[in-house]
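**Student:** Below are the structure tokens for one structure; questions will follow.
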Amino acid sequence: MIYPLLLSALPLLSSAALTYRGADISSLLIEEDAGISYKNLNGETQALEDILVNNGVNSIRQRVWVDPSDGSYDLDYNLKLAKRVQAAGMSIYLDLHLSDTWADPSDQTTPTGWSTTDIDTLTWQLYNYTLDVCNTFAENDIDIEIVSIGNEISSGLLWPLGKTSNYDNIAKLLHSGAWGVKDSNQATTPKIMIHLDNGWDWEEQEYFYKTVLATGSLLSTDFDLMGVSYYPFYNSEATLSALQTSLTNMQSNYDKSVVVVETNWPVSCPDPEYSFPSDLSSIPFSAAGQEEFLEKLAEVVEGVTDGLGIYYWEPAWVDNAALGSSCADNLMVDIDTDEVLESVTVFEDL
């Protein structure tokens, strides 16, 4: 049995202990087109990527949609964003949704024009897609650090063929997508990630990986990283101690590095739909609370063997401050002034 460590007993971290101190700023170009100009802590207008890198962020996550109706988050959109990210000196992590729209546990719609009836055809389409994405980035002299084959795929991917009613299909798809990345012309092969939701729920993580690897169609050598989402405002059981147990078990059972790839903490949450986890209940809903939460989360991740990093999800999406939650504001930007909050400095110490 693996016993969760007492959080209070975790050692203090040295500066910049995590490999990836990241943020997902996928909506940046859309926000700028809407007229938003971000301001640094001195109140001066500055490009968001420069504000972030100056405060310790070293990696940016970007969601990629296949063929969205309005071009949002498509390949061209992400090339524009990635060029700015790379120029600012940060690494790039592509979160491939493998859909024309949002992909998450409730919806994994196959892109228009991809097969929904033949798994062999679909695996080749996925292989060619991940190959093309990586090669297009290479042609534009953009290096990719991480590629996630799907987004929050605990319920499968590329439905209906990739539903959890057929884990062998899921395994074939993950294998095919991974090899498109491996066969690409990227100067250094990007790290390949599988990303599930509810990172605090070890039973959910264990069932998925045990089942998909048991098919034999996905090999442990096909991927490098296990990514998880960890949101404290959707379930009172999502404690830091539960997360630590889950990440520890994931790493020790599968010998993979682990990353928390989505997380948030609110500056305003007057009417939460769910109770917050017990070991987080003392943290205030404020910029100071964001710092405290991320510091505690970093302690958990750093305390796990091969715990590599944290990515804060959409800290500057001013037009969507709730970020899909019941909390009013989870941003690191003041929604009235577009100036970043003091909490942005926490990345320097993670």
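A Cβ is built for glycine as well, from the same backbone N, Cα and C atoms used for every other residue.
Note that the structure is a prediction, hence the values are computed from the model and not measured.
Grabbed the feature section from Swiss-Prot, which reads as follows:
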- Glu152: active site, proton donor (ACT_SITE)
- Glu262: active site, nucleophile (ACT_SITE)
- Asn128: N-linked glycosylation site (CARBOHYD)
- 1-16: signal peptide (SIGNAL)
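Describe each of these features in terms of where it is and what it packs against.
**Tutor:** Neighbours of Glu152 (active site, proton donor), defined as other CB atoms within 10 A of its CB across all chains, total 24.
In the three-state DSSP scheme, Glu262 (active site, nucleophile) is classed as strand.
For the recorded site, Asn128 (N-linked glycosylation site), the DSSP three-state label reads helix.
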**Student:** What count of other C-beta atoms do you get within 10 angstroms of the C-beta of Glu262 (active site, nucleophile), across all chains shown?
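**Tutor:** Cβ-Cβ neighbours of Glu262 (active site, nucleophile) within 10 Å number 24.
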**Student:** Using the alpha carbons only, what distance in Å do you get between Glu262 (active site, nucleophile) and Glu152 (active site, proton donor) once rounded?
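**Tutor:** So the Cα of Glu152 (active site, proton donor) lies 10 Å away from that of Glu262 (active site, nucleophile).
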